[in-house]
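Q: Questions regarding the structure given below will be posed in turn.
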């Protein structure tokens, strides 16, 4: 696998920030590779980790708790109080994606264009928290349908926006683990959300004359708004203008990304969000990623019905919600370990696809037995499959590193189109197919098979592109440069190709 950090001629770097030349002379960056530079980078990354990661994890926890509150409210009378049929309930689940999917592309384009992503993301969090709270006052099918349609718009800003924001601060070798920690918010939300909902549903019934399922929306939506207000000052903006890092740290952040990609992390003059979108739609790999993500999310759509799946084991509402927690706790741990290893090795394909194969094994177990122990074990395998999804946008980000306008549009396209899989998944886990849901699992199994085939295609594609980059670099060598490389190889007792491996520039990860 090709995982080397690209070389860079510092004289060719043009930073985003126009730094005062006197300040540069006064406090220059330590030389690359020096112990002082390494310590400075570690300090910067530690500052980002301790401030940014807890914030985005909390937001993501509430993102999915709010989104899936309908599934927990269903267990305590939502359908009966609003007189919903099974079809209407499925429409309520799926209607969110009608606005959520298409809104991601313009949202990420706006995020790349504005200078204060902290305010943009924080405001969107507050708005969706408010809309989620209003779900608790709905009195009819039409009312809750309108609320669910609206909530998809502000929610669309967060996940692709957070991945894009992380990619503006972290290198390729750092991004997978941080993205997995972010995605751990979703996974732990399935555990924590179930526990929170169990507490609310068990203790708030009839309080102030209000049904417990309505309290679910009131309490969880209020928490989201509080977190969103704090995110406005906790989240960073871009390396050029974040207020809580020093001028030297801003320059260091930009230099790190330039080192990582072989050029400055900035749009060229004229690289508008629309131009970035145009560049994105012309790249065929983008559409393979998008279709792969769609099939993947269809295959993993059981997440929206997990409390329903645990309820098929035959226990009461509270126990069913409690049983939903352990699989997601394990999934969070395995997701982070998987991403940590991906950062260490630079791997992408196996760190994504192998988890899908585990889900497929889980489906086979559930399809072949009625034993509760075996079926519950299969739910652990199914939950761990989300470790693969956590790697998807990481692979996308490292495959399309520059320019930022194109990268922002691609992340929006891949995640936006991919969530059509969630939309289809809303109709895959039909109540009439319960309690075994064999048809649902077969559909999901086939979808993950399609994802695997497309993932293999992408892997071979970038391997071929890396070979072409190798050949281009060799052809670009001048006679004098080639002679120096050959002499260095001779002195070190290595081959010419091994010497070229050490000095090569950008390569795709796979």
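Note that the numbers count up from 1, one per residue, in the order the chain is shown.
Even glycines carry a Cβ here, placed using N, Cα and C.
Note: TrEMBL annotation is automatic and uncurated.
Note that this is a predicted model, so its numbers are computed, not measured.
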Q: Given the ranges 254-275, 408-429, which one is assigned the annotation transmembrane segment in TrEMBL?
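A: It is 408-429 that TrEMBL describes as transmembrane segment.
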Q: Which stretch, out of 99-115, 354-370, 473-489, is listed as transmembrane segment by TrEMBL?
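A: My reading of TrEMBL: the transmembrane segment range is 354-370.
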Q: Can you work out whether the transmembrane segment (286-307) touches the transmembrane segment (213-235), with the criterion being 3+ CB pairs under 8 Å where the paired residues are 6 or more apart along the chain?
A: no
Q: Answer yes if the transmembrane segment (117-137) and the transmembrane segment (441-458) have at least three CB pairs under 8 Å among residue pairs 6 or more apart in sequence, and no otherwise.
A: no
Q: Six or more residues beyond either end and a Cβ under 8 Å away: which residues meet both conditions relative to the transmembrane segment (408-429)?
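A: Sequence-remote neighbours of the transmembrane segment (408-429) are 90, 93-94, 97-98, 100-109, 111-112, 156, 159-160, 163-164, 167, 273, 276-277, 279-281, 283, 286, 289-291, 293-302, 304-305, 308, 392-393, 396-397, 400, 437, 440, 443-444, 447.
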Q: Counting Cβ pairs under 8 Å that sit 6 or more residues apart, are there three or more between the transmembrane segment (441-458) and the transmembrane segment (354-370)?
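A: Taking Cβ pairs at least 6 residues apart, the transmembrane segment (354-370) and the transmembrane segment (441-458) are in contact, with 3 or more under 8 Å.
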Q: In the same chain, which residue numbers or ranges, 6 or more beyond the ends of the transmembrane segment (319-342), come under 8 angstroms Cβ to Cβ?
A: 72, 75, 176-177, 179-181, 183-184, 187-192, 194-195, 197-198, 201, 306-307, 310-311, 313, 348, 351, 355, 376, 379-380, 382-387, 390-391, 394
